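Worksheet for the structure shown next.
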């Protein structure tokens, strides 16, 4: 059984990449990845506009949570292969505050057979709503274990520090209560958005920043405390246990700086599990070769059999999926086939043809002695309301009047040109020469204004630079700048040594603000 996690950076995004742009559905992607249970993060869509082709995948049950306020943001989903397992329970959110789909009560108020339970304690309703308003967590109960899929908030400095603290605290407490009070096995997958150790990043300045920025130190300490063998640890980092010393095991890269070709990334996507599931683990790894996002998939494989016991016997195979499943969502229920759709269309067309037209209604009212009254608000009449013959005559009259107007304008223009020529004939040749010269100079000036400048060349390779914009909040937000266009990686020792043979494929140190470059180019 393969449990796979992938931050897709937009549910439609993978289909922009090869080979997925040759595929028609997520079913084909899942088959290619050999995945049975898939957790996707960063859906970046709203519940009301989520396309059916992504909500319903043949052979899979699906479960989604979406942000409640902010649009085109966050979102987590699960796809579960029906012939592998069907969970007995499913919840969205961590705190239990969200309503059960189709019911008038929340998960915390639901009957025992519907809720997974063991919610965080001592959280007021306002904070609970705040934590679960962004569509960041889903829990599925497979009897043998509870599978948690998360998209944790990114560390963006002090801006959302309080939200991150509340989210991390609630998530840890939920996991801890499920393990210690519920005696449950746990698997947690997803984009945790925190690197754990120096081996998990190519940029060692990340480790230096940790000692300088308290919010970074705090978030990394959270995941270190969550993981065993920490004294406070609850879960094992299965991916790292399988590959304890492997370097370059990164799952996320900066696409704007094109760092993936040089594998200059970080490891922030995880497959975590309680120690009692370790005997069932067959493998855990990343799929760095799989394109489709700024993240790559990570997976955890469970053995089909252990000590003569079959995995399938321990997994749930419910007759009906939980209420969170899209199978219970009326918008995605296959109630009509295409034949019935065309029948409905033909009946509508027949009714329209049998109904009197607007012109017939007007004629009838006129013959009865009453004149029709049309308000200004309703003065725009549908073209289809005219009979075909009348509509053709009306369109022809419009076209004739249009061309007649064009002809008049053309004649008027010709008259103006004749006058201009007569005036020029009265001027001497020197005046004409000066006029033409001035026009040419003006034209060249406008060309210089509107023509694109060639980008500056980087000092390390003498190659055209890349143009970027500062997106990080601060005093430089929105400023434009130029940097070396090569992928980020090991920096060349002497960025000005252009005479040396260029054996270094990585980005040099060149940087210039666009405003400075434009000012210098004028000198």
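Cβ atoms here come from the backbone N, Cα and C positions, even for glycine.
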Range annotated as region 'Disordered' - as stated in Swiss-Prot, picked from 348-392, 393-437, 438-482: 348-392
Those residues of the chain, 6+ apart, with a Cβ under 8 Å from that of residue 193 (Mg(2+) 2 binding site): 151, 152, 153, 154, 155, 268
Cβ-based isolation winner (fewest other Cβ atoms within 10 Å) among the recorded positions 191, 269: 269
Pairwise CA distance, residue 295 (site 'Interaction with DNA substrate') versus residue 191 (active site, proton donor/acceptor), rounded so that it is a whole Å: 9
All-chain count of other Cβ atoms within 10 Å of residue 295 (site 'Interaction with DNA substrate'): 23
Cα separation, residue 191 (active site, proton donor/acceptor) to residue 269 (site 'Important for catalytic activity') (Å, whole number): 4
